[in-house]
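Positions annotated as ATP binding site by Swiss-Prot: 9, 58, 86, 92, 103, 113. Among the features that Swiss-Prot reports, active site, pros-phosphohistidine intermediate is placed at 121, with the record citing sequence analysis.
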């Protein structure tokens, strides 16, 4: 069975969206394999998670945002879970996310010099899922 990794980001936790996101996962028929609340995430872990972005000029605000508050991390499984979860999340940019997706319904567009607050993260490939699951768990 295919697995993927997800994060409910600090904005999702702060805004009380954990239950809504988990409900959507369960309603889709996916199995929640692992779930862990992290009250604080280190900069080192975020740097490892976003290793391809470290060094980019836009990265420091992402690191600051991802370490700004608690997150919920998890592993879900099911048929075509990576592709389906990414569809359920919606486009990264809130203004491009369709209504009915998590980001379309709940994400907030970023103002100038602000980080997009798009509620959730999901692995973009099987390789990324394996790497992220091993990193966080």
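Glycine too: its Cβ is placed from the backbone N, Cα and C atoms.
Where Swiss-Prot records a feature, it is marked here on the structure.
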residue: 9; record: ATP binding site; CB count, 10 Å: 25
residue: 58; record: ATP binding site; CB count, 10 Å: 9
residue: 86; record: ATP binding site; CB count, 10 Å: 17
residue: 92; record: ATP binding site; CB count, 10 Å: 13
residue: 103; record: ATP binding site; CB count, 10 Å: 23
residue: 121; record: active site, pros-phosphohistidine intermediate; CB count, 10 Å: 20
Assigned conformation of residue 121 (active site, pros-phosphohistidine intermediate) - DSSP reduced to three states: strand
